[in-house]
Amino acid sequence: MGLPAALDLAGIFVFALSGALTAVRQRLDLVGMAVLAGATALGGGILRDVAIGAVPPKAFTSVGYVVMPLAASALVFFWHPQVTRLLPAVLFFDAAGLGLFCATGTGKALAFGLSPVHAVLLGVVTAVGGGVLRDVLSGQVPSVLYDRQLYALPAALGASVVAVAHVLGAGGGAVTAGAAALAFALRLLALRYGWRTPRPRGVPG
Amino acid sequence: MGLPAALDLAGIFVFALSGALTAVRQRLDLVGMAVLAGATALGGGILRDVAIGAVPPKAFTSVGYVVMPLAASALVFFWHPQVTRLLPAVLFFDAAGLGLFCATGTGKALAFGLSPVHAVLLGVVTAVGGGVLRDVLSGQVPSVLYDRQLYALPAALGASVVAVAHVLGAGGGAVTAGAAALAFALRLLALRYGWRTPRPRGVPG
Amino acid sequence: MGLPAALDLAGIFVFALSGALTAVRQRLDLVGMAVLAGATALGGGILRDVAIGAVPPKAFTSVGYVVMPLAASALVFFWHPQVTRLLPAVLFFDAAGLGLFCATGTGKALAFGLSPVHAVLLGVVTAVGGGVLRDVLSGQVPSVLYDRQLYALPAALGASVVAVAHVLGAGGGAVTAGAAALAFALRLLALRYGWRTPRPRGVPG
């Protein structure tokens, strides 16, 4: 397994942790935990793959994509107080996953022949779609829709970098890594300084 | 761009307005507004296209389909009090979009070889699916499920006209226009006279 | 129509009843009832078919798959007090549908070339996906996520039996029937004895 595949599985794992911790907060059982872990980790990629016609989606062909959410569920099931104490670290790695998936999602959509505009859209879907599913399944309005501390915008930035590079004839691992790092950095800065998405005037937070 | 394409984009725009206004009511931010605008405008067509195998769905190949929700979001972001004052007009145009999409959605499903029964079903999904997504994403029970003032039934009527005409060997722009007009008219009459979908006995509104 | 097809339609019908009864409880109208009946009965199979690339999904090619939810809606619309009184029977037949769909769903995924692990996953999705859609559409956290009385686990058991038999070179009607019976029996036992899915420690029910 090369570095990209290892990073990919690590991103899946961290997203799955966030789903499993949501299940604890919502007082769900082991099934709910596995479902939220899987939906959070795999939902964005499944939506992208179905949209671009990459069927069956990678979630249904890669064994690692099933093992990671189950492993995250087992971890949280037995040690959720300890994992909860590591929440700052989970947020840090979640930001890394956000960066990674917006970049790789955009690249996959471009590879399937979508226009740069649509590839950006699907890159963002890849990065935030799983979290949207997690929130809808657990009875909450998706947090990305009111975006405490920029979440979708860093993903849009990373996706745009990949798409613009593609238009300029560039691509490959360096562009993906740079775009992911940029999205990751913007997300961390937003967390650190409390940067928020603008709201329509007259609409309180 | 011919008249059908222009009408199609106009319908997308009005559905997107309804999504963006929902975001204001739900106190979401700019990201939430763009997501609800896009989901409302494009959700029904995406569901239909995935179901019939028209992949990537038109939402992921047409640039206009991405521009319209962004334009509607920008408009509502800066001038939502004014747009809200125009709500009766939004309802009027939404009814026009409902009529248009139930007719064109049914036609597309027939063109992909589906039976008339299933084409009607997918015509209704095209017309109401975006609104269902909008409501689920904003944490509400989809309004079409308790249908204050007929909404799905006018769409089913318009879709049925297209399907019956197809069985009788007719089709094309005139049938689409007639079916859309019929659905549009029934929706306006329902709004004007407060016609509602029947409820099971003993179930209050 | 052979026995498998008849059982399949019977399972669709019972799942549709459960959706239609939910619509009564949630005070929805006739449209809401038909939508919940259809989503509950067909949602799991549609998700599976889209995932494995069996497009259009059977729900959009089989007329019986549309007729059953409409028939269940008509029945519940006019006679819901009587149907509600039959709820124990509905739970019994729902358990039969759960068993049937986890087994046939896994078999279809295997027939489309998915690995045994992913086929089990999609077998469970087939069996419980419709109920998840029903609950999300009616504004509730999906009951399968907190699983009063085992629901997803019997489906996982039945799906695993089909997948393991496939690995061992067995298949066909006898395996499907046996796996379905096993899931059915475990679900009934869980209902009878109140067996519940484990929860993470410190998380009350």
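Using N, Cα and C of the backbone, Cβ positions are placed for all residues, glycine too.
The annotation transmembrane segment is assigned in TrEMBL to C:6-23 (among others).
The annotation domain 'Glycine transporter' is assigned in TrEMBL to C:6-80 (among others). Mean model confidence of the domain 'Glycine transporter' (C:6-80) amounts to 96 (pLDDT, 0 to 100 scale).
According to TrEMBL, the feature transmembrane segment maps to C:30-47 (among others).
What TrEMBL records for C:59-79 (among others) is transmembrane segment.
Residues or ranges marked as transmembrane segment in TrEMBL: C:86-111 (among others).
The domain 'Glycine transporter' feature in TrEMBL is assigned to C:92-166 (among others).
Marked as transmembrane segment by TrEMBL: C:117-137 (among others).
Annotated transmembrane segment per TrEMBL: C:149-168 (among others), in sequence order. Note on the transmembrane segment (C:149-168): residues 95, 98-99, 101-103, 105-107, 110, 116-117, 119-121, 123-124, 127-128, 131, 143, 175-176, 178-180, 182-184, 186-187, 190-191, 194-197 of its chain, located 6 or more positions outside it, place their CB under 8 angstroms from a CB of the stretch.
Residues annotated as transmembrane segment in TrEMBL: C:174-191 (among others). Within the chain, the transmembrane segment (C:174-191) has long-range Cβ neighbours (under 8 A, six or more residues past its boundaries) at 91-92, 95-96, 98-100, 102-104, 106-107, 127, 149-151, 153-155, 157-159, 161-162, 165.
Same-chain residues lying 6 or more positions outside the transmembrane segment (C:86-111) and placing a CB less than 8 Å from one of its CB atoms are 4, 7-8, 10-12, 14-15, 17-18, 21, 44-45, 48-49, 52, 54, 118-120, 122-128, 151, 154-156, 158-159, 161-163, 166, 171, 175-177, 179-184, 187-188, 191.
Taking H, G and I as helix, E and B as strand and the rest as coil, DSSP gives the domain 'Glycine transporter' (C:6-80) the counts 63 helix, 0 strand, 12 coil.
According to DSSP, the secondary structure content of the domain 'Glycine transporter' (C:92-166) in residues is 60 helix, 0 strand, 15 coil. Packing against the transmembrane segment (C:59-79) from elsewhere in the chain are residues 9, 12-13, 16-17, 19-21, 23-24, 30, 33-34, 37-38, 41-42, 45-46, 49: each is 6 or more residues past its ends and has a CB under 8 Å from a CB in it.
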